Amino acid sequence: MGKRPPIPPDIENGPPPPARPHFRPPIPVPWVAWLVPLILAANFVTFATTMYVNDCPARSDECLLFDVLGRLSFQPIKENMLLGPSIPTLRKLGALERRLVEEGERWRLISCIWLHGGFLHLMANMISLMCIGMRLEQEFGFMRIGALYVISGLGGSLVSCLTDSQGERVSVGASGALFGLLGAMLSELITNWTIYENKCTALMTLILIIVLNLSVGFLPRVDNSAHFGGFLAGFFLGFVLLLRPQYGYVNPKYIPPGYDMKHKKSKHKCYQHIFRFTSLAILLAGFIAGYTKLLREHTIQSMPFRDFN
């Protein structure tokens, strides 16, 4: 009686210091993919225009599906097994042919990736574009994927020209650009290796897809040199454009007050920067050397796929 209760030690020592705030970085919002569907639509419109210009009924009585398609009907199977136009029409509209490129028509290095040899050729490429391109655009945005598509297509066209010793091969198609997207997927996996969970599974699956697609290029009348050139261009460009922040990085604008900045992680790892600048140097050197060889009318004599085109 008359005794005061003991003072709790926490009152004497004051309130405990506030715990370091714990938070999760905001989940990135995926991009809305509109460029890939636009490219797909452009390819279909270009093919329809090609068939209209081709006008098979004006030159042949054996046009395929004339009753249904009329002027847009296909050349006879003996001329084009892919259900498409004639070679002169493709040449007229911008197909890649080294002889014409050397005569000053450099625009064919780009225009050829929007043309296709036939409806079957078009559908195969567009299905691949939807499967590969949509996911990449949702993750990395239209600017980087658009640059990848065009530059890879240009790289494929350049290698195709350089491996054509006769200068008379006519080449069309978006395959070089599509292989560039595959190459970029591989380099993206390598440079962002630390953020993947099932690393080996993802790598082996991607390599299997790439090998299967490259093996198709050894079939007759397939320009595998364009596939190879596009793949290389996309592979090196992927190191430049498709870097992801390392796990645990948070943009400074999302960091709450009171957070210990000593624990803040850098956006990219050192090896990512090394890959980026090395790949950019290789890419620029390759394009400059290739274009210089083309202007000087040189050919690449030691490519393993030259005889399969």
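Cβ atoms are placed via backbone N, Cα and C, with glycine included.
Here Swiss-Prot flags SER175 as active site, nucleophile. The active site, charge relay system annotation in Swiss-Prot covers HIS227 and rests on similarity to another entry. Annotated transmembrane segment per Swiss-Prot: 27-47, 113-133, 140-160, 170-190, 200-220, 222-242, 274-294, in sequence order.
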Range from 140-160, 222-242, 274-294 with the greatest count of C-beta pairs under 8 A to the transmembrane segment (170-190): 222-242
Between HIS227 (active site, charge relay system) and SER175 (active site, nucleophile): CA-CA distance (Å): 6
Cβ neighbour count (within 10 Å, all chains shown) around the residue listed as 'active site, charge relay system': 27
CB contacts for SER175 (active site, nucleophile) [other CB atoms within 10 A, all chains]: 27
Outside the transmembrane segment (113-133), six or more residues from its ends: residues with CB under 8 Å to it: 33, 36, 39-40, 42-44, 46-47, 50, 74, 80-85, 90, 93-95, 145, 149-150, 153-154, 156-157, 172-178, 181-182, 185
